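Below is one structure, written out as structure tokens, with a few remarks after it.
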Amino acid sequence: MKVRSHHAVIVWLLFVAACVLVISHSRFTADMSAFMPRNPTPTQKIMVDQLRDGVVSRLILVGVEGAPAPVLAQISKDMAATLRGSPELVAINNGEQAGMEKDFDLLWRNRYLLSDAVTPQRFTPAGLKESLSGYLDLLGTPMGSMAQRALAKDPSGEVIHLLEQLQGEAHPAMQDGVWFSRDGARAMLLANTAGAGNDIDAQERAVLAIQGAFEDARKALPAAASAQVNMTGPGVFSVQSRASIRDDAWKLSLIATALVASMLLLLYRSPRVLVLGLLPVASGALAGVAAVGLGFGSVHGLTLGFGVTLIGEGVDYGIYLFTQIERGENPDSTLHRIWPTLRLGVLTSICGFSAMLFSGFTGLAQLGLFSIAGLIVAVATTRWVLPHLLPQGFSVRASTRFSSALMTAVRQAPRARMVLFAAVAIAVTFLVVKRDALWNDSLASMSPVKKESLALDERLRRDMGAPDVRYMLVLSGSDQESVLQQGEAVADAMRKLVAQGLLEGFDMPLLPSRALQQARQAALPDAETASSNLNKALRDLPFRSSTFAPFAQEIAAAKQQPLLDRAAFQGSNLGLKLDTFLVQRDGKWSLMLPLRGVKNAQAIEQGVRQLSDTAFVLLDMKTESEQMFRDYRHEAAKNALLGALAIVALLLVSLRSVRRVVEVSLPLAAAVVSVTAALVYSGHTLSIFHLIGLLLVVAVGSNYALFFDQRCISAQDRERTVTSLLFANASTVLGFGLLSLSQSPVLNAIGSTVAAGAVLSLVFSAILIVGRDA
């Protein structure tokens, strides 16, 4: 027997060591793309890809405030100068000309290929005269110096036209030479990280680089002591969420462990038993994280935070064993007696968590695998390891007064049945009345980001002048040239819709198709015609013809210059914008045209179809994301229902009695209904994570119901069983109750749901289940 026990302990130790090894090589993430569908629709895939590693996911908005405007402007300039040399960023823009030199050079050298004003009419005497008159109007404006620089070589005004187009787009206000918020309270910067949006380590390095640049700039200015910096963006959210979840998981795990340990020490008065009681928890948590790392290649931060729950549930198994050992009884005998019930409870939990394991959403599947692996290993540790490590002759001395009061309460509990039935009926009626407002399918309900961070994001985006891009026209093709040509065809239709007032505007990539570039080159006159037309245009204008000597050479060079490609934009702010619009993925190209100020999306879609033969998708980001999460919830609910049916089937096979199955199921159903009604009544709208919490209520509560249903051979046996359930419930409530204090909305939702549900499951089991004692 000793040899077998030693074998069990050795196997367990080797298994724990293997789990630690796997975890040490696992990658931990916190990006929300883990909670996107694994097999999205083509439209959803565009959103998922952008969230995962699109250009938008690499943007960081920076606001510096808390000091006089000139000081803030200087901090902005110093930060930008430092960050332009940082390897963690590929671009930093604060409105300074220093940050726009590459963009201006790109526009200047390629103005005749890029300007949509280049037509044959543009270079007639009348067209050139109109452009030159425009230059005269600009001389007394902020654009005057730029006009003087461009006039001689660009009398048709192409670079001015391009700059006006860019300035016409949303951008922050200018003050002291840099971007500011409209109210002048914050200096604004826009950074683009070198690392992908889902590379949280790279995003964290970028955030630290920005923070460091701010601290250096602040310390260099005596008047900047009160200044502070705020940052927002997908990468910042990921970094903050990972740190928050990691800190919460660590802090709450320590507190939960301390509280549960104190309870175990108080109950069993043995440090050795205390440590043994935590072994199933630790083993299960390690196994869960290792299983997710092996199964998915990475572990989401929420999955790690979810591990706190095992402290509450995993310790239950040890409590069931310790509390039910009779004086003088061998632990193996106790386990032989309670093992059928314990095993059935674990199997019902596995059936419930399978609803998550087979989800089409990676994040939910991770939680399911973590739970199943953790529970299996926790109960296996209890079954085959703990009995061989317990002190010789161990048993729990129950308090006579406490036990007597507890058993009296249990015997009186069935008298509350009618009250319970009435309460559940009221809860069901309430939920039916509120059925249209139960669920929250917005992206925010899934986000681990704090409300304060979301509010800051909204404020900084408003300060940056960034529009709320809800609608996008999405075009797809097999190559870059085809999608650019499609975009140009659609753009012609969109301009007519803008004129009709259906929307305020739209964004197009600056890169024209090769066909359009060739057409613009063909529209340029030869050098002799250009000079002749210019001289005619100069009549009655206060310009000397000699000023424009370089113009003919510029035109001749433009007619022969190589066509632009995407590579020409690399390293510029214009290139970042192009990368946002024009995306290559899996051998296919997509062009996204953000729409601004949409008045009637349906009319726009109909109008584009009438004016253009180009195939497109009008993507409504809000509606699409809500539909995606609605599908997410429906799938989770369907899988939960299948899990519930599997539980009922398992109970029927194991208990072999329809009446007993109904008795065991009723407390769980009543607890789920009651908790749901309480959440809705308290003002919560339910998210997918509340649904996960309800699954956990069933998983935890099934153990209570099955032990109440278990046949006991004596009053003392029943007393030990009920006592173990009470202590197990206390440990579960401690674990999940602490989770409800988490700063993460996701962990908070799960914790508050399960803590309440666990208490109600125990109470309702006492009320509704008739014991089968001898």
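Every residue, even glycine, has its Cβ placed from backbone N, Cα and C.
As annotated by TrEMBL, domain 'Membrane transport protein MMPL' applies to 176-390. Here TrEMBL flags 249-268, 275-296, 302-322, 342-361, 367-386, 416-433, 636-655, 662-682, 688-708, 720-741, 747-770 as transmembrane segment.
By number of Cβ pairs under 8 Å, the transmembrane segment (416-433) is matched best by 662-682 from the list 275-296, 342-361, 367-386, 662-682, 688-708. When Cβ distances are compared across the two stretches, the transmembrane segment (688-708) makes contact with the transmembrane segment (342-361), since 3 or more pairs at least 6 residues apart fall below 8 angstroms. Residues belonging to the domain 'Membrane transport protein MMPL' (176-390) score a mean pLDDT of 86 in the model. Note on the transmembrane segment (249-268): residues 274, 277-278, 301, 304-305, 307-308, 311-312, 315, 318-319, 322-323, 396, 727, 730-731, 734-735, 738-739, 741-742 of its chain, located 6 or more positions outside it, place their CB under 8 angstroms from a CB of the stretch.
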